[in-house]
Amino acid sequence: MGVVRHVVCAVSGGVDSSVAALLLKRRGYHVTGVFMRNWDSLEEQGVCDGERDCEDAYRVCRMLDVPFRQVSYVKEYWHEVFSNLLKEYQKGRTPNPDIMCNKHIKFKHFFQYAMNTLGADAVATGHYARTSQEDEEVFQQRHVPSPKTLFRDRFEIRNPARLHQGADRFKDQTFFLTGFQHVLKKKESMGICFIGERNFEDFILEYLEPRPGNLVSVEDGRIMGNHKGWFTFTLGQRARIGGQRDPWFVVDKDVSTGEVFVAPTTNHPALYRDTLRTDRFHWIAEEPPAELVRSSMMECHFRFQHQMPLSPCTVTLNADGSVWLTMAQPIRALTPGQFAVLYKGDECLGSGKIVRLGPTEYTLQLGRDRLRGTPSDPNCTPEPTT
């Protein structure tokens, strides 16, 4: 390998980052482990989860005989991630703090600390992904400032790194875990890290003032119950309504009136849509892809949740850099605030925040019935356009 390269690895005390550090060490790199403290919180028993994770990360580094550092980005996380999360909830959206944390904390503040303070040649994390580049190509990369224009210069000679799905789709790491018993026993971190096992409604109401409103049936406009704030709900979740034997589910929210619309059954047509619009899309390798530039439309695959199956879609490019996505089949609970991620084969093309949704299957069916002259329920209340 020639010169021993210095790789700074983000270590969280979990399985994924521990394996990343182990693999780097086995390949002969000089590795430094860095634990990032982004949120200070106590669990129900009064124990700080961050302290426990930091101790686990330190033990891993000690076992691997690599230097260990810890840095605090609590203030940066509050201003650049959590404050934005609260604003998104107030707009009626459901944000994804993990993506924003990666953008603002891991791949900005942590990256700058690793490169400028620790003198790293590269950084590593425990994410399950592959790139198009070999190791030496990674070390030859230089930071390129973001373009001042809407898109990059398409005639610029570049060798962009392409992001691909991980080779191990089932995340089998048992081969590498001999010696990591204390980490292996830990549960995989899922959901919003700073909430932990607390009730989401109780947590969010610590930061946002209650905004009481009604739970309204999307079918006939009946008031089914009330709530403490539209921001305590996300589309597709079960709305626990007292006195109802059968479950009801959130299908839409109207921030202007405070009404949260609900429907019976988990597969109600008011939950399904086949179009959405993003804000300006972030393209990873080509901005935007040549195929999309040529025809303004492109076929690819889409997901908006980490483990959902990839769905075929058509992408339409807008003049402002945003895109419209049209799905081959309606998808349940498309959610404003989440990120639409696009794939071509196993390559991840990029993502954009969902800011607008098309009509639901329920609304479209009502329109078709009216065109055919089919009598409709006079008490039916049309759902709002999200």
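Cβ from N, Cα, C; glycine included.
TrEMBL does not curate its annotations; it predicts them automatically.
Given the structure is predicted, the values throughout are model-derived calculations rather than measurements.
As written in TrEMBL, here are the features:
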{"type": "DOMAIN", "residues": "201-263", "note": "domain 'tRNA-specific 2-thiouridylase MnmA-like central'"}
{"type": "DOMAIN", "residues": "273-354", "note": "domain 'tRNA-specific 2-thiouridylase MnmA-like C-terminal'"}
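Sorting the domain 'tRNA-specific 2-thiouridylase MnmA-like central' (201-263) by DSSP state (H, G, I as helix; E, B as strand; all else coil) yields 7 helix, 24 strand, 32 coil. When pLDDT values are averaged over the domain 'tRNA-specific 2-thiouridylase MnmA-like central' (201-263), the model yields 95.
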